[in-house]
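Written below as structure tokens is the structure these notes are about.
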Amino acid sequence: MDGETAGEKGSLVPQPGALGAPALGGAPAPGVRREPKKYAVTDDYQLSKQVLGLGVNGKVLECYHRRSGQKCALKLLYDSPKARQEVDHHWQASGGPHIVRILDVYENMHHGKRCLLIVMECMEGGELFSRIQERGDQAFTEREAAEIMRDIGTAIQFLHSQNIAHRDVKPENLLYTSKEKDAVLKLTDFGFAKETTQNALQTPCYTPYYVAPEVLGPEKYDKSCDMWSLGVIMYILLCGFPPFYSNTGQAISPGMKRRIRLGQYGFPKPEWADVSEDAKQLIRLLLKTDPTERLTIMQFMNHPWINQSMEVPQTPLHTARVLEEDKDHWDDVKEEMTSALATMRVDYDQVKIKDLKTSNNRLLNKRRKKQGGSSSASPGCNNQ
């Protein structure tokens, strides 16, 4: 969005020829999809030039509801199938536990381009790890970490029950509603969210008896992205630094990629010396290198460290100190996780269907033998 016109009434105009939709009256019930309002967002909201954040697909600006004066967050997306998908998935999830609520959606024109404007509750408490970093001398305990992980898990559980994989669960997408002690932690930014009910074998080019097993269950792969993220966030919560890191200064180095793929991380002292074995075991189950072996969200929520979080020991952790000491490198940590998730999404989206020539399939080998070694079969397709 061009910031210089963000605050001017009329910079966003209604879609020509469209009728105004009735007022939403707050967030839709979970799972309900609504049509965007077609009249100008500036009829209902006073827009500000204050940038609150940058989402995957667009800026997030501060705005105020004209009648109530309520401060909200406005995300502008130029219309595209990807933007529509983001709105659809977020709307479907809105109203779910620990998920940032959508208040309104508009379809307007901006500088001659159709755009979608998502008005959301304003998350004034900032990012999860910033809040821990700002605690100073006040100890952050293992029990608090367990309660935070239970809250994040509750959001993921709701999404997965709606057949949505978020696929971008990372520190900057976990925000508090306010600065108050009783603030609620919520998940936002559905720019990479994906429905998990589609069958990958609707791909026009495949041969069922040699398709790779991961292609038969793609929804497990998309959801396992979220489970891996839970493992990384839990690890950082318990010690203040990430399990995988780049030694080269690159956002994601070949060495870091290799450590992620091989699951090479440790629980070094002194930070991990007093952390419970239950917590370490849960991290191991989330950071499994084979996505199909990672815990499901139901298994995660049923783990004693999560479902009995009030009984987790109140052991003081090194987290706040480490986050404060390493705050100059925190942007690098966030960038590394962003890159790692991007790599993972690409890997899972582009799982190869083996080419017939390279497929070691008993039936095909028998057929080839009959044909005297000549391959008359049509080539398979690589979903690259």
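Any Cβ shown, glycine's included, is placed from N, Cα and C.
According to Swiss-Prot:
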type	residues	note
MOD_RES	M1	N-acetylmethionine
COMPBIAS	14-31	compositional bias 'Low complexity'
DOMAIN	46-306	domain 'Protein kinase'
MOD_RES	S253	phosphoserine
MOD_RES	S309	phosphoserine
REGION	309-345	region 'Autoinhibitory helix'
MOTIF	337-346	motif 'Nuclear export signal (NES)'
MOTIF	352-355	motif 'Bipartite nuclear localization signal 1'
MOTIF	366-370	motif 'Bipartite nuclear localization signal 2'
- [ ] For S309 (phosphoserine), just count the other CB atoms lying within 10 A of its CB, please.
- [x] 20
Open item on the list: When secondary structure is assigned with DSSP, how many helix, strand and coil residues does the motif 'Nuclear export signal (NES)' (337-346) contain?
Closed with: 10 helix, 0 strand, 0 coil
